[in-house]
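Here is what Swiss-Prot says about this protein:
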| type | residues | note |
| --- | --- | --- |
| BINDING | 247, 310, 311 | Zn(2+) binding site |
| BINDING | 694, 756, 757, 758, 759, 760, 804, 808, 860 | methylcob(III)alamin binding site |
| BINDING | 946, 1134, 1189, 1190 | S-adenosyl-L-methionine binding site |
| DOMAIN | 2-325 | domain 'Hcy-binding' |
| DOMAIN | 356-617 | domain 'Pterin-binding' |
| DOMAIN | 650-744 | domain 'B12-binding N-terminal' |
| DOMAIN | 897-1227 | domain 'AdoMet activation' |
């Protein structure tokens, strides 16, 4: 061990060390331009280089050195080289693959020089350099092509080659450690570990390795789907000095995962989170002191050995963290119990106290004729179903074997494993790669991100090959099955079994350094009852060898192919299952840890018929000489199999249940087929019809509510349950009316979308969820004035009022409703929800105007708990008190909150506008000037749909298409996706929804912060003026943007243009939704609105593409996929009034006037400038190559006054419309 490494370990044992912060964040603050990235050397490089931050070590080394020094000055002990994207793979984006080694070397050398300088200043605090290996821009375990899940655009070997080149340069440049960071795909990281170890061996060095992964969102998983512990298990073989987490999340969100890692990691733990989560404008709001306070709590809890920062963090953050952890004890390395720690997407730990582990055997071409046929016929989808069935039947590992003479075993193994990676319900378990061919094994290992098992290696080809293979397996990070097989052949007696296993164990642990807990012995299971006397003791020999191995070879595990033992009875499944059950009963008692079995055909020992169990035990334990004959005689009695009729009867079993259970089943499963029939049967059994609702129907809905609350049902299922409930209630209503009875409920709530707002999807979902929990909902619809809400609440004697809104003017209307409730003496709770609402706005603006309980509800899933607490005699007072205390804290924090960046005057902001050289740029001439109506069919638009927000509407979190394979919500997401596409088919075929729109292109020029729009090319007659706002916070390295900056100034003499558009998913949206509501079908009511919303957005995307390629025509050859369109990989923008770049809603009126929108489309604006129908989009078109989306964010009084003057509005009106953007207190 080098003195540097010894120093580092000594420091880690004494205190919490500090890593640096965000490199990209700091580079951005330097406001570098294209020429800065190029320098002299790359002045003529054939592609743009701005954004290639790693190149700056060659073209602007003084900037990188200054950042390193700033972090050292802030207290960092370790700095990271500026090489996050320096592999040949990532550098290919800039055609700089050949410079990868040079950049890595220069970066390490630069960081080394800075570290040495600071160490010389304070020798008692040595500084270290971590050579960074980033994740690359490719994923080895995820297909980039949704249509080909087995496809990969990078291989393990390509990653290894790239990482080796980078590692060599980093080491030679002077790095003290290698940091493999921001791991979002564990297979990439396994390739990095493999490469680093290989290169260390070639260079004759052994530096410490640091590993840091990324939990991407609230699911608690990496991008490639692994949990924290699965991720750790997969890379534990690296024997890293540190293991940690970074990026994607802030301290609040990351805490639980760092805590989990601290619990399971035998090594030191690191964390370098982001400065909170990015806000709606992509900025990081968590200030240094707040972040440091959170990090200190982590340190006090004993989670940390090293801490630093990632995105959004600066030297200020690192300095605050350094002070926060100073003097606190570092995390002590825990004493972790010895266990074989495997992983798929989830961990599987096999220790001394573990139960028997089932290894699924049916994905083996040598053992399953069906699976072999499917693979040979390349029916991989059906082959995946075989694997899925094994996992669903209880297999904790699946064994995969492709060794068949007529198969390309390597290709079949790679394809099947690649497909499994895209099936979370299969990939959650570890993989056992089973082959007698080393080449197949190695190909398979390069495909799995988890820690799997190789089945198998042995000493049959001699010790040299055995050691060579074992070392490679260790480097790949796999556990290994070792067959009891040596140069003399397979062990068939108890003595030979332990002799070979003992010898292999000694070689593996002493010569190879293989962890004993990752050694799994297979002492050979052979068939019994063959009629050959020498075979009679085979089972007993195996069972005895299990006892020997456990006694002599500490921590080693034992496995075996269980079906081998019953091979003599193939074709007689009941007897084979009995043999397996008895064999396992005794083998497990003697130490067998796992077995390759058909997980769907495991009998229970105690459930076997006594005569069959006794006869099988005679054979397994070799208790009688005539055991084989007796079992053969008995076997025919038990031959047989389940019939299709029996299977069908079992499938329809629920229809034979009593009516109460049938109703519950229909409600939970969302089945409407039998609901009237079963409801009638329940009515016949009840004394009064109301009892059916209050009894079995509500009992069933309570089950639905419980399952939803526990996360075992998802919103689309709940809405389907509500549809079943409503149909049952509708059936009963005439009978209830006749009896003049009314049912009881848990409470009554009036809900409404406030005046001026037409959006109601979220409100509808909340209503359905509450109805599922026996609350009576009075839904007043959309655009409801305050007086109607309050009048209805009094008339129906409501227990609560709920307000919803999507557009920012709705926030003011909610304040108005609260004031009216106070004036009229209401005391019932007021609930606030909707896309633009927030806890902060509720606390600061709404709650203070109403003395009754006022509660912000973030989403539908939280509504039930809030409503239940507010209406509970025992919980209400405490809940209200806690909420009020929380909101008071929010108000205090809001009052104290200072902007992350200070405001500037409007004059200063204008001086820092987009400094564009208009002399060197000629704006493209629009091909089709004027206003045109446009239509697009649903079939055209469905190709432009961004499905991710659709799933968000239904509270299913995840990005499309990955959400369809999500382990938690994937099955429901698939059902929902199918229903949505079925609805699209219906809407299209029957022309029930007809998207329409209008577009216009006009001559235009900038005048100050406004845009004059002209009637024609003479530019003498101004049709209208589009007014815009400018960013008004201090921008270091960036312009203070205003949308007008993207249009040529009038004084430049350049002729420029602007476009405007308005589109809707269809005027028929509300009528369709109302029709479904009349049928008591909330599910399809919400579905049609959600689809109309997606069609409107798709229409906006489609029309923008047509504008770029045809109407304006500045990008006629553009050819982008839908994914690229969603990522906005094109020139130009289409900002919408009411959104961050132009947040003032009344500008929609300018578009309506300019395009005569209502005449051409039927679309309307409400008094709050909400668009009707709700599924509508409108906005502007800009063509400028540097046009971009941005957030105006907070503005000051001088700009509000100026804007009011330009618009001809009062300052008070402008302040009302721009309330969320005011950087001052207008009151």
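Residue 1 is the first one shown; counting continues down the chain.
In case you wondered, yes, glycine gets a Cβ from its N, Cα and C as well.
Annotated features taken from Swiss-Prot, shown on the structure.
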residue : record                               : Cβ within 10 Å
247     : Zn(2+) binding site                  : 21
311     : Zn(2+) binding site                  : 22
694     : methylcob(III)alamin binding site    : 16
757     : methylcob(III)alamin binding site    : 30
759     : methylcob(III)alamin binding site    : 24
804     : methylcob(III)alamin binding site    : 28
946     : S-adenosyl-L-methionine binding site : 16
1134    : S-adenosyl-L-methionine binding site : 22
1189    : S-adenosyl-L-methionine binding site : 15
1190    : S-adenosyl-L-methionine binding site : 19
Spatially, which candidate from the binding-site residues 247, 694, 759, 804 is nearest to residue 1134 (S-adenosyl-L-methionine binding site), comparing Cα atoms?
759
Relative to the Cβ of residue 310 (Zn(2+) binding site), which residues of the same chain, six or more apart in sequence, are found under 8 Å away?
21, 22, 182, 246, 247, 272, 273, 274
For S-adenosyl-L-methionine, with binders 946, 1134, 1189, 1190, what's the maximum Cα separation in whole Å?
21
For the domain 'B12-binding N-terminal' (650-744), what's the mean pLDDT in this predicted model?
80
Compared by Cα position, which of the binding-site residues 311, 757, 759, 804 is the closest one to residue 946 (S-adenosyl-L-methionine binding site)?
759
On the DSSP side of things, how many residues of the domain 'B12-binding N-terminal' (650-744) fall into helix, strand and coil, could you say?
73 helix, 0 strand, 22 coil
Identify all same-chain residues not among 247, 310, 311 whose C-beta atom falls within 8 angstroms of the centroid of the Zn(2+) site's C-beta atoms; report them in sequence order.
22, 182, 214, 246, 248, 272, 273, 274, 309, 312, 313
Taking only the binding-site residues 694, 757, 759, 804, 1190, which one has a CA atom nearest to the CA atom of residue 311 (Zn(2+) binding site)?
1190
Residue 1189 (S-adenosyl-L-methionine binding site) to residue 757 (methylcob(III)alamin binding site): how many Å between their Cα atoms?
25
Could you check what DSSP calls residue 804 (methylcob(III)alamin binding site) once collapsed to helix, strand or coil?
strand
Cα-Cα, whole number of Å: residue 757 (methylcob(III)alamin binding site) versus residue 1190 (S-adenosyl-L-methionine binding site)?
25
Measuring Cα to Cα, how many angstrom lie between residue 759 (methylcob(III)alamin binding site) and residue 1190 (S-adenosyl-L-methionine binding site)?
25
